[in-house]
């Protein structure tokens, strides 16, 4: 849209001429100052390094089989299996809690008749009765005594061909494997004090966490993995296990370089991306057997998660690109099921996820380099969608899946309800996965991809984990704003030129062709195309653009947006992060919502008119920060400005900044705004007029102030290019369909142009009145 020029001026109004800054500093200071801007481009798009760089891994990997350790005496950790692997018969291990429990384990070779053998247990030589009737299996025997000078009694046995046994301390008990392999299982025979019980082991051993009990079962019954038996694995001391493993700190801010004015900050962050798809399902008219469209739509999602103990508020926008159009036609009869178009994403498609959070990294995302990211993959599976037919069994679209794999990251801008946010755009390539999708009761089946009918499969969100790293150029002083050199003096000849130029601009309103104006208002005018028709400034576009931005920085519109942005930024960086982005945004919207009181407080129509007028003056900011495809007052004013700049004979490089700044404030002063709630439209004007009416009949209904207050906070605000009086006059004299009415209510540029080309006097008169308001 043409109003892109105003958005561009707002987002780039910080740009200044570096040489001017150096000259100004040198005039005030006696010391030499060197400004090195570094490898950054002063454009709307920061340079991006697509190299992955060095990516540290924040995952602490704990080995499943920890060992082998040398024979030793130590306090066995709670909730860990001690897997003992002796190589010969004899004493294997013993332990005690030093008060009322002594236990010992011995290993007996195969084919041993009942006999008494001597063992050294608890520092004493004792004789124990042992036996092993098996000719192939080794036998572990567990003995326990309850007194220091008591006698050991046999409690349990484990027969095994692998010469492996294991025990674990947990819940005040000792757990032990018993039975015969390959069907041995765990049990417990002893209650002890876990904190003070020590174990003395005469053989090599391993440690396994309790979470790997199933794996311990496998080792006991089937033996150790081959790598433990075929390689020369050297046992280490148990003291080596006391080394504390710490996670690498990946969420960090690093000062890369620093000068007097600027510093480069490297931000490394873990990231949790949550997103969901949105879709639109449109049913055709008729008997109810046909659907016109099933398509993907962009979807905003707000959520919170914890990063290094800090609660992060995040905002994502998910959109798709490169969709594939499919259709199904069951026949030509009105009762034949058909879908005119349904979208599917597959290998040639991309998914874009714009991510922003309230951390420090995103507050300084203006000039960025060395941007990289490392993300995992996610599988998105389609769910079922039933096509509700009036009669007969319902066809069901089901299945379909794609895998999203990271394909790069760049900078982007998210437009929230109140402000645009510098964010990261993660791009994902797609690969199709099982299952394919189909529509029951039709011949359509075996197609791969993810259809738009139910892409979320009734899950709350999809989640992707990973991390990103970037280097951002920020002011050295964290509280310092980027300096802007502003001129405070105006020469008398410049004021004279401006006076003459204003008169010429106002006279040129009669020479604007309405049809061409609508076409121009729908073009995305940028800085260059706006000024390309001015011959005297073509060779100095860069310098002139910088001067325009400097001047626009001081305009009322820029100041209002700046105040709104600052309040948004301050709220996002506050100590309390529990509120969502929408809740934070509502703080910035208080300038609008607090201007309206409850209907009980509106004593008279005059009071309501005063408050509605106050609200309407603030609605331009609300509309300005919400980008839509509909025509706005700023689109028309920018198109008028472009037309007059091309036609003017007195425009010059020195006068353009003032003219553009003035036009943003003075063009179309009598604006009217509209919000639509189902079949009811609320319309308010700068002059305090307000209407509520039905969109299908244009009959007025009572103006619900409380409902209006909620709508302007949560719903898009539209420019009322064709206001209520004009619409009612048009309907009374010419008659319009409901579709035409909705398109006029939404300021659809194509519909407006059709009425103008048909020389409709009511619409032409309304547009001409708006052009006449574009005065300086």
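Note: Cβ is positioned from N, Cα and C throughout, glycine not excepted.
Remember, predicted model here, so these are calculated numbers, not experimental data.
What Swiss-Prot records for 65-224 is region 'Spike head'. Annotated region 'Spike body and stalk (antigen domain)' per Swiss-Prot: 248-479, in sequence order. Per Swiss-Prot, disulfide bond is recorded for 318-380, and the stated evidence type is sequence analysis. Per Swiss-Prot, region 'Hydrophobic' is recorded for 389-409, and the stated evidence type is sequence analysis. Summarising the annotation, Swiss-Prot assigns region 'Spike foot' to 510-776.
The 10 Å shell around the Cβ of residue 380 (disulfide bond) contains 23 further Cβ atoms across the protein chains shown.
Around residue 318 (disulfide bond), a 10 Å sphere centred on its CB holds 25 further CB atoms from the protein chains shown. Counting residue by residue with DSSP, the region 'Hydrophobic' (389-409) contains 0 helix, 14 strand, 7 coil. As a whole-number mean, the pLDDT of the region 'Spike head' (65-224) in this prediction is 84.
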